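What follows is a short report on a single structure.
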Amino acid sequence: MRIYVCVKQVPDTSGKVAVNPDGTLNRASMSTIINPDDMSAIDQALTLKGATGCQVIAVTMGPPPAEGMLRELLAMGVDDAVLISSREFGGSDTFATSQIIAAAISHLGIGKDDMIFCGRQAIDGDTAQVGPQIAEKLNIPQVTYATEIHKKDNVLVVKRMLEDGYMMIQVKTPCLITCVKEKNVSNSYMTVNGIMNCYSKPLTILDFETLKEEPLIDIDIIGLKGSPTNIFKSFTPPQKGTGVMFEGANRETIADLVSRLQKEHVI
Amino acid sequence: MDFSLNREQEMIKKLAQQFAENELEPVAEDVDLEHVFPKENFKKMAALGFTGIGVPSQYGGSGGGALEKIIVVSEFAKKCMSSAAILSIHLIAPQTIYKYGNEEQRQKYLPILTKGGSLGAFALTEPNAGSDAGSAKTVAIFDSETNEYILNGTKCFISGGSRADVLIIFALTQPNKGLKGMSAIIVEKGTPGFSIGKVETKMGLAGSETAELVFEDCRVPAANLLGKEGQGFKIAMQALDGARIGVGAQAVGVAEGALDLSIKYSKERVQFGKPIAKLQGIQWYIADMATKTMAAKTLVQYAAYLEDAGKPFTAEAAMCKLNASENARFVTNLALQIHGGYGYMRDYPLERMYRDAKITEIYEGTSEIHKVVISRAVMSK
Amino acid sequence: MIFNSYDIDVFKDIWVFCEQRNGKLMYTDFELISEGRKLADERGSNLIGILLGYNVKDMAKELGGYGADKIIVCDDPALDIYTTEAYTKVLCDVAMDKKPEVILMGASNIGRDLGPRCAARLHTGLTADCTHLDINMDKYVDFLTTSSTLDLSKTAFKMDDTNLKMTRPAFGGHLMATIICPRFRPCMSTVRPGVMKKAEFSKEKADACEIELYPISISEGDIKTKVLNVVKEAKQMIDLIGADVIVSVGRGIGKNVEDGIELAHKLAEAFGGGVVGGSRAAIDSGWLSADHQVGQTGKTVHPKVYVALGISGAIQHKAGMQDSELIIAVNKDATAPIFDCADYGITGDLFKVVPMMIDEITNRKKQ
């Protein structure tokens, strides 16, 4: 029984971010983190591993530095890691990305008992599309927004969040689940032993040469050229700009503020 | 000269940082107020492999050495000195048993002290034997009929003594030979004749329970002798060399933590129309704190490097502990001052850091003893 | 009939997928029909809604009142409760038959489950969480002029380009990106709830709206998941999106969480009633449940008044509230980024400032 967990290395957008003069993001200025929703998927996978002894394989599509992230996951208890990386894959939109990842997982093998976990969405793209699209291309059922996953014989029982409640959904394997956490904090840590061993655990690199014979890979539908959607323009929104600043908690400044609010008919 | 950490060390640092922020920081204030050993967090430290640093994985350890230890201890100390001290002092036991123990002792004690989550302790100090370890009076007389050592005496100020499962006790197997008659003996908690006396209430380091140990005809199997009879003092001194680097790391960590808080506060605190960070007086304080802490940190790293490289490091270990501990007092004092009235309030961690820092100049060898060690080393050349 | 998403010219009309749950239409349906109407007018084509469910025919007319020319209704017991497989099959079958040029969908938890699956099946592009849509290039250029810092004098625009230009925030809101899907149809877009403006309801339009019942066939074998139960949580759905006043709390209430939240409630009341929200830090610390979260991974809001208490204003929070009409921020740290987008900023201890604000506002109102 295997759980493939799709993860992505993303810039840490919660910290300081620098924007280039031409409006594009200065990626080099930002530290990278493991996408938070993907950590939920890892947490759920490692929990299931604890309960069933299954194999957990972290899969990522990205440039070579993504290996560092995979090693961290290996140090947390993930068994194997796969890096999908090739020039031909660069510039892919969600459709093309999901195509490539589906091809890679197909190449690695997806059996009756296997599952794919993904994070709901990545904090850089924020689309939440790649998970469901991988499921469609592999022709397996999906359950999204999962906060709890339990295995009962050959079915999974999943708690799927709605805005005002949840659904309990039963699904047979093989299937794909996208994960969220109610709180944004992961509870999986690396261990010191894990860190000492992570560079000797298996890490496979899949490039275009290795995958090109896969039926799902078609040079016309991968990479920038193959993506159905393209970026037409990107720009920084104009900042609202600093308004009026008041200092200190004292009656006079508060009275001043409230007067202005009154004048603007806010009160 | 490559000063950088290797890739595993970078990951260990990241892990220690996350652990300190997520697990240690939220309860640091309570641990200080309640003056109680943080059992849950120690269990978590064991689960993540921190308690096995310096012991090979075949015995349940996590591998690594002095550098890995100081990385972790410093990150812990930034948020909770008690936790940093607990780990640093605990590590003396498994590392010493690994170094001096026979295979049987290693197999028996190392797995439980590393991943097993048992706490270790090191007991040398007595009421009349602090800096003057030679005045120790606790005896361990061999009974050839039962093949046991019988311990009698009192140890005091033993960190972790009230909670430890496995303790290394330094006692005189040949009382008439002074230090040359001292041996190291492993004693387990709950051994009849071994009881815990007073648990001290301290100025700081509240989470690390400091206890009096009482031995009254405490019988311990001969198999528990660590190393050879008469080797005890040498073992103690070598163990202390490594332990001192640990204290250096604690001191560096608390200084870094206090410095970070001071920088943050100075940017927030607005007086006379601007943040105090704009005042040259504060800027100069921060510059002094940063420079001295960087120097302390680098010396601690150097001593750790020497230890890991198998080179002599007694003088450097003493230097780094002496220097870092005085720096910790300097920095925490100034940090509290920068915070003004808020620094004095229990709401802010500064006063706890100030109280915690002081111990680093005293335990594991006072600053004065360290000066003796250092002068001896450099003047004998 | 072979469906080929490359064959662009045969695709016509703007569609809006209308979501219903438990017999109630989602609020975003009205927003999207209203927006869809504008786009259909720009394009010179029809606006058609598509509604899936069981016993939902009678809801369709109301959608017409916001500007739909026609509503396609797929009514079947298998569509009573949402399942990915049933809804994907039906929506894709109808789309492959009728070939819409554009499909809009609300980016609800369900929309974000359904949209990508359909886009993959139809082999077309989907852009998620859009906040602004244009078809005509001159409208888009106007939008860029007011909403970006780009120097447009140096850019050549193809004025006859009628691709749907879908603008959305990326990188936690640091960047805005306009996406197009030039080579495939239908062009799909999910739209954030609460962003588009709902038009005035017109009974005339509702009565004039055509209803088409589209027969569908789903077998049990089509559905691979089983809904065991649906649970509505006891507490009310926090209506951040509809609120006029939102008072949010962040890390700054850490010293006294209970009092902090209490103050936020009282301040909202002082303004005449409002909702309490939270930054990601407040939710992560467990002080408020996830449905209170404002920000990139929470909700996007643009109330009349947004008050940020003890919130630093990291970009992922700003992305969720920076379009509010009036922003007031209170924070101890004078350098907090929240002040970069606040109309009024107060540096001080919120536990002192907020009670004073409440007093002052309440007294003024009495006068």
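Glycine too: its Cβ is placed from the backbone N, Cα and C atoms.
Taken from TrEMBL, the feature domain 'Electron transfer flavoprotein alpha/beta-subunit N-terminal' applies to C:14-227.
Listed in sequence order, C:Ser279, C:Arg280, C:Pro337 are the same-chain residues at least 6 apart in sequence whose CB falls under 8 Å from the CB of C:Ala314 (FAD binding site). Summarising the annotation, TrEMBL assigns FAD binding site to C:Arg251, C:279-280, C:293-297, C:310-317, C:Asn331.
Take the binding-site residues C:Arg251, C:His317: by the count of other Cβ atoms within 10 Å of each Cβ, the lowest one is C:Arg251. With an 8 Å limit on C-beta distances, the binding-site residues from C:Arg251, C:Gln296, C:Ile311, C:Ala314, C:His317 that reach chain A are C:Gln296, C:Ala314. All protein chains considered, the CB of C:Gln296 (FAD binding site) has 27 other CB atoms within 10 Å. Cβ neighbours within 10 Å of C:Gln293 (FAD binding site), excluding its own Cβ and spanning all shown chains: 25.
Under DSSP, C:Ala314 (FAD binding site) is assigned to coil, being neither helix nor strand in the three-state scheme. In the three-state DSSP reading, C:Gln296 (FAD binding site) counts as coil. Averaged over the domain 'Electron transfer flavoprotein alpha/beta-subunit N-terminal' (C:14-227), the predicted model reaches a pLDDT of 92.
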